[in-house]
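Chemist: Input: one structure, supplied below.
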């Protein structure tokens, strides 16, 4: 086809595409998916395009749409993470993008390949533009309350344990310390006690003898006699 014919055809195709109800291919104008998940887009076409191959392509420029995946009869066709399946019975075809990434966002086309060169690249009236948006996924919940940064760790079998303070009463006799028990069990300790105990008793007896009350020698009074102070 001569370039002049293409230039004349393109405005006509654009005008035809603006006529309400003239879209042989229709679909959602915008779709939104989440990173890591799958996104399906369903496009409809007219009955006269039932036997034609259906294409899902990414819009690269004003006149170029790079094919990503194309149907093969009614069987599913796949290219990497993108698959397409034609449903001739209800005149629709479905495109599925798996494991979405942020780079998958952009402008795509639901398109029907009618076999002519100028229509394969400039199919204004045999395609439908779909804007794909991809949003980041939500972070997994790890048991922390949003906003406070405090992790809450709990065991399903844990239970509250109440401890009572130690209470000491007058009737409670504290146990001897390990040092005291070791001293009492030492034979050297008892030998030392047996040697010093008589000396201690003798000194105590002498002290009591010196401090005993004295009787008055001149009388028979039973009262003790004290020196005048």
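For all residues, glycine too, the Cβ spot is worked out from N, Cα and C.
Just lifted these from Swiss-Prot, have a look:
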type: SIGNAL; residues: 1-21; note: signal peptide
type: DOMAIN; residues: 22-126; note: domain 'Ig-like V-type'
type: TOPO_DOM; residues: 22-188; note: topological domain 'Extracellular'
type: DISULFID; residues: 43-110; note: disulfide bond
type: CARBOHYD; residues: 90; note: N-linked glycosylation site
type: CARBOHYD; residues: 99; note: N-linked glycosylation site
type: TRANSMEM; residues: 189-209; note: transmembrane segment
type: TOPO_DOM; residues: 210-229; note: topological domain 'Cytoplasmic'
Chemist: Name the one residue among 43, 99, 110 whose Cα is closest in three-dimensional space to that of residue 90 (N-linked glycosylation site); these are the recorded positions.
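Modeler: In terms of Cα distance, residue 90 (N-linked glycosylation site) lies closest to 43.
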Chemist: Indicate the candidate from 90, 99 with the smallest number of other Cβ atoms within 10 Å of its Cβ, considering only these glycosylation sites.
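Modeler: Fewest other Cβ atoms within 10 Å, among the glycosylation sites 90, 99, is found for 90.
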Chemist: What Cα-Cα separation, expressed in whole Å, is found between residue 99 (N-linked glycosylation site) and residue 110 (disulfide bond)?
Modeler: 20
Chemist: Which residues of the same chain, at least 6 positions away in sequence, have a Cβ lying under 8 Å from the Cβ of residue 110 (disulfide bond)?
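Modeler: When sequence neighbours closer than 6 are ignored, residue 110 (disulfide bond) has 25, 27, 41, 43, 54, 55, 56, 93, 95, 127, 128, 130 within Cβ distance under 8 Å.
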